[in-house]
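Participant: One structure, pasted below without further comment.
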Amino acid sequence: MTENAAPTRAGFVALIGEPNAGKSTLTNAMVGAKVSIVTHKVQTTRARIRGVALEGAAQIVFVDTPGLFRPRRRLDRAMVAAAWGGAADADIVVLMVEAHRGMTDGVRAILETLNERRDPKQIVALAINKIDRVKSEVLLKLTQDLNAAYPFAETFMISAEKGYGVADLRAWLGASLPEGPWMYPEDQIADVPLRMIAAEITREKLTLRLHQELPYQLTVETENWEERKDGSVRIDQVVYVMRDGHKGILLGHKGETAKAVSKAAREELVEFLGRKVHLFLQVKVRPNWLEEKERFDEMGLDFRDGNA
C-alpha cells in the first residue's frame, strides 16, 4: 500500500425485511452478478446467501437473509432464525421496506425486535425500496414514521430493480465499514458453494414455473458435480416433493414442465459458469423432507432452529 492510499475496509452488511422486500434484487445489484434467486413469490430466499462487492478500497460482504415473517413450520422457523442470526453477526444492518406497502404489521414487528436487540456497536440503516411506485408526499410521511420508530443512522430512497440510489447506498456502506484486510480474493463474488448456487438456480426456475403452494413444498439438491476433461460439467440434481400429485404437476404432460425447467436452469448455469453444462434432474417423493436434518444442512440452515 502506498503512503497516500486509502486504508482497506471490510465487513458484513445484513439485508433484512419482510418477504419480497427486494433484498435479493439489491444483493445482485450491489454485487453486479446474480448470487441470489429472485422471483415474484414471497419467501423465495431460504438460507443466508453472501455476495461480495467492492467499493473503492472497501470489500462489502452482503448477507441476503430470508424474509422475516410469522413462522408456522419448522422450515419457516429455521429461515427466520437464519435471518436474525445474519443481522446479529453483521457490522451494518439495512432494513428494507417497500414504499408502496408502507408501515405494515410485519414492518412494525421487525422494528420492535430491532429496538429490543439494539447494539450500540452496530450501525442500522433504512432503505425504502420501490420508490417509483409512490408519490413524494407518501414517501416523506413513511420516512418520518419509520425514523420515529427507530433511530436509523441513515435513510436511503432506492429502487433496487431499476438501480436508483444503489450507488449512493453502496458508497455509504463502503465508507462506514471498519478498517481491516479484505476477507475474500478480489475476484470472488459469493461465499456459497457452487453446488448450492446450482440448486438455487433450478429452484428459482421451478418457483417461476409452478403455482400456488407447490414451490414452498419442494427443495432441490445437487447430488453430483462432475468436472469433465473437455471443460464441461455434469450436474445431477434431485427435486424432493411431498406428494405423488406434486410429482405429476412438476413433471407435466409428457415431462414438458420438467424439460422446460431443466432447459432454463441449464442456460443460466452456462452463463454463470461460462462453460458447457450437462444438467440432469430427478423428481423424488419424500413426504417428510421438511423434518429431515439432511435437507436443512443442504440448504445451509440449522435444523435445531426449527424447533418450536
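Cβ atoms are placed via backbone N, Cα and C, with glycine included.
The model shown is predicted, which means the values in this text are computed figures rather than measured ones.
The following feature annotations were taken from Swiss-Prot:
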type: DOMAIN; residues: 9-179; note: domain 'Era-type G'
type: REGION; residues: 17-24; note: region 'G1'
type: BINDING; residues: 17-24, 64-68, 129-132; note: GTP binding site
type: REGION; residues: 43-47; note: region 'G2'
type: REGION; residues: 64-67; note: region 'G3'
type: REGION; residues: 129-132; note: region 'G4'
type: DOMAIN; residues: 210-287; note: domain 'KH type-2'
Participant: Under DSSP, is I131 (GTP binding site) part of a helix or a strand, or is it coil?
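Facilitator: Going by the DSSP assignment, I131 (GTP binding site) falls within a helical segment, counted as helix.
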Participant: Around the Cβ of G17 (GTP binding site), how many other Cβ atoms lie within 10 Å? Please give the count over every shown protein chain.
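Facilitator: Taking every protein chain into account, the count is 23.
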Participant: Quick check on the domain 'KH type-2' (210-287): DSSP residue counts for helix, strand, coil, in that order please.
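Facilitator: Its residues fall into 33 helix, 27 strand, 18 coil.
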Participant: Per DSSP, what is the helix/strand/coil residue tally across the region 'G1' (17-24)?
Facilitator: 2 helix, 1 strand, 5 coil
Participant: Across the region 'G3' (64-67), what does the mean pLDDT come to, as a whole number?
Facilitator: 61
